[in-house]
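The structure appears right after this line, and notes come after that.
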Amino acid sequence: MKHSASESKPLSSGLAIYRRLLRYGFPYWRSFCVAVVAMIAYAAITPFFAKLIQPLIDGSFIDNDPTVLRQVSLMLIGLSVLRGIAGFLSEYCSGSVGRRVIADLRRDIFDQLLNLPCSFYDNASGGQLLSKLLYNTEQVSASLQQGIITCIREGFTVIGLMALMVYQNPVLSLVFLVLGPVLGLSVRFVSKRFRRLSMRIQESMGKVSHVTQEVIDAQRIVKVFNGKDYEAAKFATENDRNQKRQMKLIATDALGGGVIHLISVAGVAGILYVVSLDSVRQTITPGSLMAFIAAMAMMLSPIRRLSQVVSVMQRGIAAGDSIFAMLDLPRERDRGRISLKRARGSIEYRHVSLVYDDRHGAAVDDVSLVIPAGKTVALVGQSGSGKTSLVRLLPRLYEATAGEILIDGHDIRELTLESLRRQIAYVGQEVTLFNDTVASNIAYGCLDRVGLDAVREAARAANALDFIETLPQGFDTLVGQQGIVLSGGQRQRIAIARALLKNAPILILDEATSALDAESERYVQQALEVLMQNRTTLVIAHRLSTIQNADQICVMRGGRIIECGTHAQLMAARGGYADLYAMQFGYSSVPEAVAVHAVRR
C-alpha cells in the first residue's frame with residue numbers, strides 16, 4: 001500500500017491525526033480525568049523528594065538538629081505512599097482507556113471491512129488489512145496510553161523540578177534553560193524520522209502477514225508443488241526488510257535519546273562549573289546546592305523518557321494515518337428507499353455496461369436482457385466473455401457503469417441493499433464455508449430466525465442429510481476452515497441447503513457442478529433441480545450438458561450477448577452456441593454436431 005502522500009504531510013497533519021485518535025478516548029473521559037489528575041499528583045510529589053535534601057543537610061548535619069532527620073524520614077514514607085497510589089491510578093486508568101480505544105478502533109475497522117465495496121478487495125492485500133486490525137491498533141493504543149502518561153506525568157515532573165530549581169537559585173537555572181531550544185530542535189528532527197520509518201514498518205508488517213496468510217491458505221498447493229523453498233525465500237525477504245527497518249528505528253531512538261541525554265548532562269556540567277565560581281558558591285548553602293543538583297539529576301530521567309516517547313507517538317500517528325485512510329474510504333452506496341418484502345422474480349437488464357478499469361475495455365457492454373419470473377436463463381461463453389460480471393451486477397456487488405437493472409420493475413438502486421440481497425441466493429463453484437458447525441453454515445444469515453427442524457429439512461432437500469448424520473457430531477460437527485473436513489460434493493450440498501433455507505425468489509448458480517465427480521454431480525444436480533423450482537434462476541455454465549433444459553440460453557462474447565434462444569433454436573441457428581457445442585462434445589464441425597443433435601432428438 002502506498003504511503004508516499006502521508007509521508008510528505010506537514011507536522012500539523014500529525015497533530016490532526018492525534019486529535020482524531022484522542023476523540024476515541026472521549027467516551028471514557030471519567031477514567032481519563034482520574035488518570036490525568038493522578039499523573040499531575042505524581043509529578044507534583046516528585047520535586048518534594050529533591051526539596052527534602054535541603055533540610056536534611058542544613059538541619060541535620062549543619063545545625064545538628066536530630067528532629068529534622070526524623071521529620072524527613074516520615075515525610076519520605078508519606079510521599080512515597082502518595083506517589084505509589086498516584087502511579088497506580090495513572091497506569092490503571094490510562095490502560096483502561098487504551099484497551100477500550102483498541103476495542104473501538106477494531107470494531108470500526110471490522111465494520112468498515114464489512115461495508116466496503118467488492119472493488120476495494122480486488123486490489124487489497126488480506127495481510128495488510130489484518131495488520132491494520134491487529135498491529136496498527138496496538139501501536140495507536142501504545143501511542144495514546146504511553147504518550148499521554150509520559151507527556152503529562154513526565155512533563156509536569158520536569159516543570160515541577162524546574163520550578164524548584166528556579167526557586168532554589170534563579171541564576172543557575174538560566175544555564176539549564178539555555179539548552180531548551182537545542183533540545184526542541186533535536187526532538188523535532190527525531191520525530192520526523194520516526195514517522196517515516198514507522199509508516200514503512202507498518203507496510204512491511206502487512207507484507208509479512210500477507211505472505212504468511214497465503215502460505216496458510218494454500219498449504220496443500222505449496223506442498224504438492226514443492227514450493228516450500230520459494231515461499232521461505234519470499235518470507236525471508238519481507239521479514240529481513242522489516243527487521244532492517246526496525247533496526248533503523250531502534251538506531252534513531254538510541255541516537256536521539258543519547259544526544260538529548262548528552263545535551264542534558266552538558267547543562268548539568270555547565271551548572272556545576274558555575275557553582276565552582278567563588279562569587280556563586282558564597283550565595284548558596286550546602287543543602288540548597290544539593291537540592292538543586294538533586295533536582296537536576298532527577299530531571300534527566302523524565303527528559304530522556306520524554307525524548308523516547310516521540311518514537312511511540314510517531315508510530316501511533318503513522319498507524320492512525322493508515323487506519324483512518326481506510327476508514328475514510330467510501331462504503332457501498334445504499335441510498336435506496338424501497339424495501340422489497342418478496343419479489344416475484346422478474347429481472348430486466350437495460351443497456352447495462354460495466355467497466356472495472358478505464359485502462360481496459362468494458363467487461364459488460366450494452367447488454368439488454370429480460371428474464372420472466374420463475375424462468376431459468378443460462379449464460380454461456382468462453383472465459384472472460386462477461387458472464388460472471390453480468391451476474392455480479394444483480395446483487396450490486398459492483399455498480400453498473402451505464403444502464404439500469406430492474407427487479408419487478410424496480411431499479412435495484414432504488415431498493416435498500418438489505419432488501420435487494422434478501423431476494424437472491426447464490427451457489428458457486430468455490431463454496432465458502434466458515435469454521436463453524438454444519439448447522440450454522442446452513443443457517444448462515446438467518447441463524448436467529450430458524451430452528452434445527454428447518455435446517456434438517458433444507459439438508460434433506462439438498463441430499464445432504466445422509467452424510468451429515470454420519471459425521472461425528474452430526475449438525476454440530478465443526479467443518480474446519482473452508483469446510484476442509486468435507487468433500488467437494490458435500491460442501492456443495494451444504495451450500496445448496498443454505499440457499500434452500502434462505503428461500504429467495506432469485507437464484508444464481510455459478511458453475512455449481514463443474515468441479516465434481518460423476519457421483520457427486522448426480523447428487524448435487526438432483527438437489528439443484530429441487531432448489532430451482534419456482535425460482536428465477538441465472539445459471540453460469542461452461543458444461544453445456546447441464547443447461548440444455550434452460551428456458552433461455554444466452555451466449556456472451558466480449559461483454560455482449562450475441563444470441564439467445566432455447567437449446568434447439570440455437571443449435572438450428574448454427575451460431576456461437578453451436579460452435580461451443582461442437583467444440584465441447586468433440587465434433588469436427590458445426591454441421592456434424594447439428595446433424596447428430598437432430599438425430600438424437
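Quick reminder: no glycine exception, Cβ is built from N, Cα and C everywhere.
Copied over from Swiss-Prot, here are the features:
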TRANSMEM  33-53  transmembrane segment
DOMAIN    34-315  domain 'ABC transmembrane type-1'
TRANSMEM  72-92  transmembrane segment
TRANSMEM  158-178  transmembrane segment
TRANSMEM  255-275  transmembrane segment
TRANSMEM  283-303  transmembrane segment
DOMAIN    347-583  domain 'ABC transporter'
BINDING   G381, Q382, S383, G384, S385, G386, K387, T388  ATP binding site
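The Cβ of S383 (ATP binding site) has 7 other Cβ atoms within 10 Å, all protein chains considered. Using the Cβ center of G381, Q382, S383, G384, S385, G386, K387, T388 for ATP, the list of other same-chain residues with Cβ within 8 Å runs, in sequence order, M556, R557. The Cβ of S385 (ATP binding site) lies under 8 Å from the Cβ of M556, R557, G558, G559, each of which sits 6+ residues away along the same chain. With a cut-off of 8 Å between CB atoms and residues at least 6 apart in sequence, the same chain places K387, V555, M556, R557, G576, L580 near G381 (ATP binding site), listed in sequence order.
In the predicted model, the domain 'ABC transporter' (347-583) shows an average pLDDT of 86. All protein chains considered, the CB of K387 (ATP binding site) has 27 other CB atoms within 10 Å.
In the three-state DSSP reading, K387 (ATP binding site) counts as helix.
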